[in-house]
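> Got a structure here, written out as structure tokens. Questions coming.
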Amino acid sequence: MAKKIQETDQSIAKKLGMGLLYLVLTIVAIFQIYPLVWLLMFSLKSNSEVFGLSPFALPEDPKWENYARVWTDGNINLYFFNSVWITLASVLLTVLLASFVTFAITRMHWKFNKLVLGLFMVGLMIPIHSALIPLFDFFLKLGLVDHPLSIILSYTAFNLPLTIMILLGFYYTLPREIEEAAVVDGCSVHRIFFQITLPMTSPVIATTAIINMIYNWNEFVFVNTFISSDKYKTLTVGIQNFIGQYLTDWGAIGATLMISIIPILIAFLILSNRIVEGIAAGSVKG
Amino acid sequence: MNKVMSNKLVIALYVLPALILIVALIYVPIILTGYYGLMDWNGIGAMTFIGLENYTELLQDAKFWQSAKHSFLLALFSSLSLIIYLLISLVLAGKIKGANLLRKIYLIPMLLSSVAIAQLWLKIYDPNNGILNSLLEVLGVENTPTWLADPDLVLYAIFVAILWQYAGFYIIIYYAALKGIPESLVEAAKIDGANPIQIAYKIKVPLIAGVIKVTIVLAIVGSLKYFDLIYVMTGGGPNGASEVIASYMYRQAFGSYNFGYGSAVAFFLLIITLIVTWLIRKLTASEDEVQY
């Protein structure tokens with residue numbers, strides 16, 4: 001009898017303990033998610049609601065027109081499409097060049113293979129600020145300051161090391177039999193690369209592409225430094241400008257921020273497993 | 001086989017474009033940064049060689065050391081916060097229902113741009129209409145702080161936003177590492193009568209020591225180069241109270257057109273980053289890496 005009571009005591013303690021753990025995990029989840037919920041709410045409010053009512057109140061009558069207003073009047077549509085095409089161009093270039101290099105390093109035979117790999121891996125540790133001034137000067141001399149090519153090339157160069165690192169892990173585990181058979185059959189290297197290796201590595205290409213997409217979409221320093229005209233600015237710098245002009249218009253600011261993060265949130269809803277995998281695999285980059 | 005796969009022309013074609021890009025846009029610039037650091041240069045006109053003058057000025061520049069102090073403080077806070085992330089991950093990687101969903105929720109802020117995060121937290125810290133002070137008022141706090149305008153609080157306030165941004169990142173890394181520990185090891189310890197806390201402390205944490213080491217490097221090096229968030233939230237203010245090395249460098253170069261002096265700061269940032277990385281790797285290197 002005494003033993004039984006002790007057992008139930010233990011199981012109650014265990015349940016309490018588990019309940020406490022869940023409580024902590026839930027509080028952390030709320031801390032992580034509530035600011036974004038709050039952002040959504042004030043993006044739908046009018047200024048009188050923001051300044052007159054409690055910040056915790058739900059929007060009385062959702063002002064979707066905040067979004068329409070900033071989209072056209074605030075140039076956000078222009079910045080948005082700049083972000084889209086500059087991100088896509090950089091991602092394509094990065095993933096293609098990184099695949100070439102990873103293929104050459106893991107599949108082909110040459111002398112300086114390890115040295116070149118080392119150069120790419122050390123690149124992971126270089127802070128962009130340490131290269132920024134000469135880069136600016138370099139693009140200035142080439143006439144590429146205030147030209148989208150300067151940011152596309154910078155994104156590609158600085159994301160190549162991480163992309164190659166993630167690709168390497170996959171290439172090493174991939175069986176080589178199919179490629180070897182293709183060589184025996186007299187296939188050219190290009191055909192092997194484009195028709196066999198690239199399709200076989202498509203899962204990891206998807207992972208690196210989505211990680212690159214997130215990094216490029218969010219990048220700020222290069223655009224802020226190299227681009228001065230509105231027609232080439234991307235969202236991060238664009239919303240900075242916009243907010244500078246509409247300091248007290250919370251609804252407009254909220255709508256702008258929401259527009260800038262919605263594509264990322266949608267990508268995360270669809271591809272969360274890939275993103276998690278890519279973040280874990282590419283954790284060397286902070 | 002070897003002949004096709006050692007075609008020099010193809011190798012050059014595949015490797016050179018990427019190699020030229022990283023050499024031209026990463027390696028040559030960092031060397032030039034060190035070189036420009038020896039110059040008096042406004043970015044547009046001619047450069048004048050002044051030897052180590054910028055570097056000796058740097059050593060005596062109180063504003064620079066103040067920003068370096070802030071960078072190191074952030075590095076210290078970030079490393080300490082790893083303990084919290086590790087504890088959360090240990091709980092999460094136990095038999096928790098919904099762990100997968102929770103870790104994804106934790107990760108969301110990390111995916112957003114630092115600019116958006118900075119703008120959002122500017123609103124959260126707004127002294128009159130932000131949620132933080134409104135919450136404090138509900139709780140009965142009078143004289144609520146002005147957060148980002150208060151030189152004594154601004155760095156901590158920024159750090160909370162950084163915590164929010166990166167928590168999910170580290171939790172994802174620890175969670176993945178903890179899930180990689182073979183179940184048999186944990187079971188064996190359970191049979192030997194170890195309680196969950198002993199299992200966590202004596203088995204799980206030592207087994208993922210390698211990953212923990214990597215995250216310490218990430219947290220410290222990442223903190224030393226923080227820029228976007230601080231630049232947007234406070235611009236280093238009020239009166240330098242949240243200035244960090246990277247924002248100081250940016251202000252010197254692109255704000256005051258002291259490109260020579262800015263380069264010296266940038267070069268210092270590079271050297272300190274490399275030294276710290278090397279030092280941590282060295283200090284935490286264990287003779288016998290844990291195998292399982």
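Every residue, even glycine, has its Cβ placed from backbone N, Cα and C.
I grabbed these lines from TrEMBL:
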type: DOMAIN; residues: A:80-271; note: domain 'ABC transmembrane type-1'
type: TRANSMEM; residues: A:20-41; note: transmembrane segment
type: TRANSMEM; residues: A:79-103; note: transmembrane segment
type: TRANSMEM; residues: A:115-140; note: transmembrane segment
type: TRANSMEM; residues: A:152-172; note: transmembrane segment
type: TRANSMEM; residues: A:192-215; note: transmembrane segment
type: TRANSMEM; residues: A:250-271; note: transmembrane segment
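Relative to the rest of the structure, where do these features sit?
Sequence-distant contacts of the transmembrane segment (A:79-103) (same chain, at least 6 residues past either end, Cβ-Cβ under 8 Å): 116, 120, 148, 151-152, 155-156, 159-160, 163-164, 167-168, 171, 193, 197-198, 201, 205, 208-209, 212-213, 216-217, 231-239, 259-260.
With a threshold of 8 Å between CB atoms, the same-chain residues lying at least 6 positions outside the transmembrane segment (A:115-140) that come near it are 101, 105, 147, 150, 154, 158, 160-162, 164-165, 168, 221-222, 225-226, 284-285.
For the transmembrane segment (A:192-215), same-chain residues at least 6 beyond its ends with a Cβ under 8 Å from one of its own Cβ atoms are 87-88, 90-91, 94-95, 98-100, 103, 107, 155, 159, 162-163, 166-167, 169-171, 174, 178-179, 182-183, 264, 267, 271, 274-275, 277-279, 281-282.
Only residues 6 or more beyond the boundaries of the transmembrane segment (A:250-271), in the same chain, are considered here, and those with a CB under 8 A from a CB of the stretch are 36, 39-40, 42-47, 50, 63, 66-67, 69-71, 74, 76, 80, 206, 210, 213-214, 217-218, 235-236, 239, 242-243.
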